[in-house]
Number of protein chains: 2
Amino acid sequence: MNLQTRSQHACFGGRMGFYAHAAQATGTEMRFAVYEPPQASARKLPALYYLAGLTCNEETFVIKAGAQRLAADMGLVLVACDTSPRGLNLPGDADAWDFGVGAGFYLDATAQPWAGHYRMSRYLNEELPALVEANFPVRSDRRGIFGHSMGGHGALVNALRNPQRWHSVSAFAPIANPVAVPWGEKAFSNYLGSDRQQWEAWDASLLMRARPYPGLMLVDQGLSDQFIDNQLHPQALQAAADASGQKLELRLHEGYDHSYWFIQSFIADHLRHHAAILGS
Amino acid sequence: MNLQTRSQHACFGGRMGFYAHAAQATGTEMRFAVYEPPQASARKLPALYYLAGLTCNEETFVIKAGAQRLAADMGLVLVACDTSPRGLNLPGDADAWDFGVGAGFYLDATAQPWAGHYRMSRYLNEELPALVEANFPVRSDRRGIFGHSMGGHGALVNALRNPQRWHSVSAFAPIANPVAVPWGEKAFSNYLGSDRQQWEAWDASLLMRARPYPGLMLVDQGLSDQFIDNQLHPQALQAAADASGQKLELRLHEGYDHSYWFIQSFIADHLRHHAAILGS
């Protein structure tokens with residue numbers, strides 16, 4: 001497997017790095033970021049994968065969330081991937097900020113022209129961990145996943161679909177019931193086609209009702225989030241947990257919005273949640 | 001005094017805000033950012049001003065340094081200003097990344113066409129603190145200043161010139177002897193004219209030799225900083241401190257570069273340095 005190092009920087013006694021590789025799942029170059037805490041020089045550590053939201057890329061989380069200080073304390077490797085393939089110039093892939101480039105929704109598209117390239121779920125579940133585990137000091141038996149907004153959806157859905165691959169999961173302000181909101185309807189109708197039954201396989205609330213995740217889910221949501229009513233629907237997740245017996249800690253925070261100011265305020269609780277399950 | 005709120009966000013139980021006002025010192029709109037920790041709802045707190053480096057603006061520090069978590073713990077208000085006036089379209093002000101827009105060097109220009117507008121020192125020492133102290137819960141008798149690169153130069157120089165205004169000071173990778181390096185020569189010859197004697201009033205190492213700052217200076221410098229030999233010259237600052245009796249803690253860090261990955265790694269020590277002097 002090829003791996004191109006774009007840059008590396010000393011950070012909290014460890015290493016912040018930016019990488020690229022030719023990805024089979026997407027047929028494009030994909031970029032990702034890895035923070036290796038100081039403990040990584042001595043032994044293999046658990047890896048925690050972060051999925052960013054609409055318009056973001058592999059840099060967003062590592063620049064804005066203030067997570068490295070905590071990961072260095074806790075002995076967690078952080079991995080952040082991009083939000084979609086880039087550079088394909090498929091028709092319509094750059095017309096909107098909530099679809100196409102920067103908006104891959106962490107699923108595997110089945111409709112044309114997206115099916116051959118927008119396979120972010122395959123990328124995230126198989127190709128990226130294989131690459132990371134072959135090239136960085138991380139354990140393959142201890143993986144966590146979390147994310148924000150579209151990336152919160154991605155974290156919940158991929159953990160629910162592949163609980164054997166993701167040993168811990170959490171989310172900030174996830175799109176919790178995408179089949180019922182405009183962002184999800186737009187993405188799913190294009191990526192998956194018009195048969196709404198196909199969409200259910202990528203909806204956290206619906207997946208959870210059918211088969212809960214075998215562990216505690218931590219979800220934080222700001223009550224001043226401008227997208228809470230139209231796009232996020234945390235109450236659907238709570239209802240699904242109530243119906244299915246899913247262990248869910250859904251925390252609603254007065255005054256917090258959808259931004260990384262919100263994420264950084266609660267990132268420590270998320271890293272502790274993952275570290276408690278994954279070890280360090 | 002006018003004050004326009006551009007946005008505010010809950011952050012670590014306090015408030016991250018972005019503001020603009022019509023500045024007299026520059027004759028332009030100036031933008032700045034203020035982080036108010038939770039303690040600010042109960043009492044006035046010390047304010048710590050941050051000056052960013054070349055190409056940066058009032059957002060850079062508050063997004064990249066991870067300081068809010070610590071400021072919320074310590075009870076410090078953080079203030080970040082812009083690096084120059086903007087929108088003037090003076091001849092040549094946008095031709096280079098190291099001069100003009102984004103590169104005001106925190107001095108008061110005396111040469112045309114800059115003299116009427118590039119008065120960042122007056123802005124920083126007088127107008128901005130007056131505005132902040134009139135509109136935010138901060139003490140006017142407890143101000144700290146710090147910065148990075150060009151902003152490290154700005155922090156050291158303005159503290160040395162106005163020790164009664166700045167009760168604590170520190171810097172990351174400052175341009176420590178600007179009269180002797182290309183960035184400084186370019187800026188000073190344009191902003192201050194060809195008389196090199198005028199430049200000495202804006203050079204931290206030369207100012208310190210004439211009149212040390214009445215307190216400990218903390219300076220961090222990475223030894224893998226790509227600018228250390230050509231532009232920063234920390235050894236000039238150490239020599240000036242040795243000659244003048246300045247109390248200087250200059251820490252050299254193996255492996256660290258010029259980036260905010262470096263800054264965030266040591267930001268806690270800087271906030272603790274300021275909090276120890278300023279109280280909280």
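Any Cβ shown, glycine's included, is placed from N, Cα and C.
Under the heading active site, charge relay system, TrEMBL lists B:S149 (among others). Cβ-based neighbour count (10 Å, all protein chains) for B:S149 (active site, charge relay system) stands at 25.
Summarising the annotation, TrEMBL assigns active site, charge relay system to B:D225 (among others). Around the Cβ of B:D225 (active site, charge relay system), the same chain contributes B:A173, B:L232, B:Y256, B:D257, B:H258, B:F262, each under 8 angstroms and 6 or more positions distant in sequence. Mapped onto three states, the DSSP output places B:D225 (active site, charge relay system) in coil.
Summarising the annotation, TrEMBL assigns active site, charge relay system to B:H258 (among others).
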Packing count at B:H258 (active site, charge relay system) (other Cβ atoms within 10 Å of its Cβ): 22
